[in-house]
Amino acid sequence: MTTPALLPLSGRRIPTLSPGASSFTHHRATLRLSEKFILLLILSAFITLCFGAFFFLPDNSKHKRFDLGLEDVLIPHIDSPKEGKHGSGQVIIHGQGGHDENRHREEEESLRNKIRADHERALQEAKEKLRKSRKEVKAEIQTEKAKIIEDLKKKEAGPKPLPPVPMPKVVGVSDGEPPEADAKEKRDKIREMMKHAWDSYRQYGWGHNELKPLAKKGHSTNIFGNSQLGATIVDALDTLYIMGLHEEFKDGQEWIEQNLDFSVNAEVSVFEVNIRFIGGLLAAYYLSGQEVFKVKAVQLAEKLIPAFNTPTGIPWAMVNLKSGVGRNWGWASAGSSILAEFGTLHMEFVHLTYLTGNPVYYQKVMHIRKLLAKMDRPNGLYPNYLNPRTGRWGQHHTSLGGLGDSFYEYLLKAWLMSDKTDTEARKTYDDAIEAIERHLIRKSNGGLTFIGEWKNGHLERKMGHLACFAGGMFALGADGSPDDKAGHYLQLGAEIAHTCHESYDRTVLKLGPEAFKFDSGLEAVAVRQNEKYYILRPEVIETYWYMWRFTHDPKYRQWGWEAAQAIDKYCRVSGGFSGVKDVYSSNPTYDDVQQSFFLAETLKYLYLLFSSDDLMPFESWVFNTEAHPLPVLHLGNITLPGSEPAQR
C-alpha cells in the first residue's frame, strides 16, 4: 500500500494519494462505511496538521518581532489586596521587552523542529492505520467508543465520595445566652446588626462576592478573580449558625448547593480563598454536619494544589482555578511570595487531610515548615518576603501586622488544634515571639506598648490595625509559654489591647484608623490621609474577646460595646454597612463596601464577647484567621496520612 503525498492547493497543503495508488482509488466506491470513516479521520488529521503548520511555521522573509518594550509599569488600583487581610495599593505589570535575539532564534528553531516531528509522527501513524485490516480498525473504533461512554458515566456520577472519618466531638455550637440582662440585650443588638448586613446583601448583592451598600449592588475585588463566587455567603455561614439564624443559613446552603462552582476561569488569591472559602466551608460542615460543605471545600482545595508547583514548593500568591497557572503579586519584593500568605494554610490543610485521607494537603504545609526551619533568619526574625524560585528571602521587612501577622498565629493554633501534640509548631512560635519582643515591641513616651515594623535593621514606630490581633494571640498562647512566662504574655496582651483601644478613643468617630504612629509627639494617631480609614476590620474586637475570655475584666465588654455603637452609628446605611474614609472627620465619606469579613469576623467576635463562655469553648474549637471555628483534633494514637506520629 502506498503512502500519502502532500500537494499544494490554493496556498494550503492538503493530503491526497500518489499516482501509484490508482488501483486503490479506482475501487473507492466499494469501500465499506467503517473504512471510509477511518480514511476521513486520517484526511481530517492531515488537513488540521497542515493548516496549523501553514500558520505557525515562521517565515523568515516576513517574520518580524512584536515587542511590547514595556518596563515595569506601576498601575494604581482601588481593589488592592489591602481590602483583604494585607497587601499594597499597587500592581506591577512586568514588561516583556529586552529578550535576547539568540534566544528568540532558538525558540523559532525549536518550534520548527517540534512541528516537523509532529508531522512525521502523524505520517507514521497514518501508515500504520492504512496497514491494519478492517477487523482491527473496527475493534479500535469500538474500544474508543467504549472509553468515551465510560468517561461520560464517570462525569455524570460526579466526584468520588469521600471516605468516612470519625466526626470530632462538636460541643458548644449554639445558645450561649449570658446570665447578665444587659449583656443579653447587647448580644441581641449585635444579632440585629448581622441580620441587617445579611438581609441587605441578600436583597442587593446575592451571589456576588460582596456588597456596595450605598449603590445597592454587588461588589468584587481582584482577590476573588472575575467570578461571582458568593464570598459573603460562604464567609457568613458559621456566624449565622452560631447566632441561631437558621433560615438565613438554609438560604446560604441552598445557594452553595445550586450555584457555587469552582471550575471557572478566574485567578484568585490562594490565601484569601483558603481562609474565607475553605475555612468557611469546613466550619459550616463541622457545625451543621451537612456533607455539601465538605465536598465543596475539597473541590476548591484540589484547585489550589497547582499553586505549589514551584521550584521550592512555596506556593504562588495567585492561581487560575481553571488552568492551574500561578503567579505572584507584581508589587511583592522581587517576585516573592508573602509570609502571611504561604504561612496561613496549615489549619485548613490539616483538616482536609483528616477528612479526605489524602496526605497531599498535610505534606504541602509541612514541607513549607521544614523549608523555613532550615533557613537563616536575620536577628531571629522572619522576613515577609520569600522568593519561590530561589528559596531566598526578599526585602528584610518583618511585621506582626500586614504581610506577616497570621503566619505566627497559625504556628500557635497548629499546636492548639493538634490537642497540643504538635510541639514543633509551639517551639517555632515561642522562638519567633521571643525575637519579635526583642526587636519590634517597644513602649512609647506616653507609656503605650506597641508593635513596630522592622525594615532593613531599623524599627519603624508605626503599628497597623491588623497587628492589633496580636493582643489576643499573646493571651491565647500564654498557657504553655516557656520559662513560666504565662503571666508575662497575658499582661502583654492586655497592654496591646489598651494601646489599640486608645487608637479608637483618640478619633472623632471612636473607630480605629488603618495605621497609627508613635513619634514626633503623636501617639496612637494616624498621620497620613491614606491611613485614616476604617473598613469594618475585626482585629481590635478580636483581642477584646480573647482578653474577656481569659480575664473577665468588664472593661473589654465596655470597649467592645463602644466599637459596636460607633459602627452602628457611623457605618450603617439603609443598604447595609460601609467603611469610612476618615475616622477623624465628623462628617466622613463612605467607601461603599460591605466587606465579607465584617460578617465573618467583626460581628461574630462581638456576639461571642456578649455570650457565655460555653459557646465555642477554647477546649474544643480553634478559630482560623477569618474567625472560622475548626474543631481540635483529639487524634490520640491516630496519625494523619503522610505524617509521623505526634510527640507530646
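Glycine is treated like the rest: Cβ placed from N, Cα and C.
If you look up TrEMBL, you'll see Glu272 (among others) marked as active site, proton donor.
Under the heading active site, TrEMBL lists Asp405 (among others).
According to TrEMBL, the feature active site, proton donor maps to Glu514 (among others).
As annotated by TrEMBL, active site applies to Glu539 (among others). The Cβ of Glu539 (active site) has 24 other Cβ atoms within 10 Å, all protein chains considered.
The Ca(2+) binding site feature in TrEMBL is assigned to Thr625. Using a 10 Å Cβ-Cβ cutoff, Thr625 (Ca(2+) binding site) registers 25 neighbours.
Annotated compositional bias 'Basic and acidic residues' per TrEMBL: 97-112, in sequence order.
Cβ environment of Cys500 (disulfide bond): His465, Cys468, Gly471, Gly512, Glu539, Val540, Thr543 lie under 8 Å away, each six or more residues apart in the same chain. Per TrEMBL, the feature disulfide bond maps to Cys468-Cys500.
Taken from TrEMBL, the feature region 'Disordered' applies to 80-112 (among others).
Under the heading region 'Disordered', TrEMBL lists 156-186 (among others). Tertiary neighbourhood of the region 'Disordered' (156-186): same-chain residues 241-242, 244, 286-287, 289, 294-295, 298-299, 354-357, 557, 561, 564, 608, 610-612, 614-617, 620-621, 631-634, selected by CB-CB distance under 8 Å and a gap of 6+ residues from either end.
Under the heading transmembrane segment, TrEMBL lists 37-57.
Rounded to the nearest whole angstrom, the C-alpha distance between Asp405 (active site) and Thr625 (Ca(2+) binding site) is 9. Taking Cβ-Cβ distances under 8 Å and a sequence gap of 6 or more within the same chain, the neighbours of Glu514 (active site, proton donor) are Gly464, His465, Ala526, Asn530, Glu531, Lys532, Tyr533, Tyr534, Ile535, Arg537.
Sorting the region 'Disordered' (156-186) by DSSP state (H, G, I as helix; E, B as strand; all else coil) yields 8 helix, 0 strand, 23 coil. Cα-Cα distance from Glu272 (active site, proton donor) to Thr625 (Ca(2+) binding site): 10 Å (rounded to the nearest whole number).
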